[in-house]
Amino acid sequence: MEFDTIAAISTPMGEGAIAIVRLSGDEAVAIADKIFKSPGGKSLTTKDSHTIHYGHLVDPKTNEVVEEVMLSLMRGPKTFTREDVVEINCHGGLVSVNRVLQLALTNGARLAEPGEFTKRAFLNGRIDLSQAEAVMDLIRAKTDRAMNVALGQMDGKLSRLIGDLRQALLETLAQVEVNIDYPEYDDVEEMTVPVLVEKCTWVRDEIIKLLQTSSQGKILREGLSTVILGRPNVGKSSLLNSLVQENKAIVTDIAGTTRDIIEEYVNVRGVPLRLVDTAGIRETEDIVERIGVERSREALRGADLILFVLNYADELTAEDERLFETIEAMDYIVIINKTDLPQKINLARVKELAGKHRIVTTSLLQEEGVTELEEAIAALFFEGQIEAGDLTYVSNARHIALLHQAQATVEDAIAAAQAGVPVDMVQIDVTRTWELLGEIIGDTVQESLINQLFSQFCLGK
């Protein structure tokens, strides 16, 4: 497949030690050769692949020196895109990197679209669609475990499993074709039905195993949606600041200071938390605060974990007890804050209301109890769930939806075969399952979906 030559800045914009401008395509080396001058004056076209060269970029129209650079030359197909690739390392300033990019564009390259380098890797057969999506997961990973899951998917872990499932279905379809081609032989159909049921059952079971990892995989990918809950002025914002280790929320003695929800990502002992500091949930006449309270209720409904904060120096109120009832069926940790003040809270009643849920005492003002809280969060998350590093996790919402559809169609095939439906009719569901699994890795997917997926990538990737 032939494409034009593209170029883009592949590093984040801003000031830094270096920046990289990447070119990919049949003319990448020729374009670079027009603008690159080495001390020895030798052409890049004579250089070996996978080599690095020092020199200057020079505008061929004016002979003006634009930048001092290191240039990496890599010839296809042993590159990310399977095309000729040139990466120009220049100084990391906004003006510098933009001048380098403009020089490449005015000498024959086209500005790359978002995700176009990865899209070319997919279209040229270097990676499949699930591996391409894993590239973005790797970039966005917020913990080591999330990064390891993305690396496993990039390495083809999920692709190989999906390939095995599709191969089993293909073998089943081949057996069905034999039955269709030789309908006069009853024993052929008698052999076909058990094989079909056996292989489809194995495929279904493997799909179910994958889907069982989806909740953990989604958390690793997107973070554990964690709501900080409690009455106003019990220390919710102080807790957010302690976990994030920055002053993201206003901390005052005035109840109701947090009028809106505040979100922040934080890595707590390998657990990615998407922390939401809510406005205190209470009845209020203040219109602005009431909007914040309603948003807090919405956040609560979508939470994976609740950090329920109580005040050690206050008696339990009817509002506290109502909040216990609200979160009764959810995963939560009770945090009794302000232990540096005289005790007024009834600890026995808190234990009774919390039941089996963990209780941690803290004095966030004195920075006490935060370590114990982090340990409690990690213990809750990792308890028998996610320690097995050899699991293949599925976390992408598109993959999960396709797996659910594939499970439904393969179960229809099993039920139909067992009910005595002719195998040529059962074949329809088996084929549809094969197609749905193919959409995960991009074998059976529409071009419009491919374009949409890659448009979500950043420029230069």
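Cβ atoms here come from the backbone N, Cα and C positions, even for glycine.
What Swiss-Prot says about this protein:
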BINDING   Arg22, Glu87, Arg126, Lys461  (6S)-5-formyl-5,6,7,8-tetrahydrofolate binding site
BINDING   Asn233, Thr252, Ile254, Thr257  K(+) binding site
BINDING   233-238, 252-258, 277-280  GTP binding site
BINDING   Ser237, Thr258  Mg(2+) binding site
DOMAIN    223-382  domain 'TrmE-type G'
So what sits near Glu87 ((6S)-5-formyl-5,6,7,8-tetrahydrofolate binding site) in its own chain, CB-to-CB under 8 Å and at least six residues off in sequence?
Ser10, Ile20, Val21, Arg22, Leu23, Leu71, Ser72, Met74
If you count the other Cβ atoms within 10 Å of each Cβ, which of the binding-site residues Arg22, Arg126 comes out on top?
Arg22
Ser237 (Mg(2+) binding site) has its Cβ surrounded, within 10 angstroms, by a count of other Cβ atoms equal to 23
I'd like the number of other C-beta atoms within 10 A of the C-beta of Lys236 (GTP binding site), please.
29
Around the Cβ of Asn233 (K(+) binding site), the count of other Cβ atoms that are within 10 Å
20
Where Arg126 ((6S)-5-formyl-5,6,7,8-tetrahydrofolate binding site) and Lys236 (GTP binding site) are concerned, what is their Cα separation in Å, rounded?
48
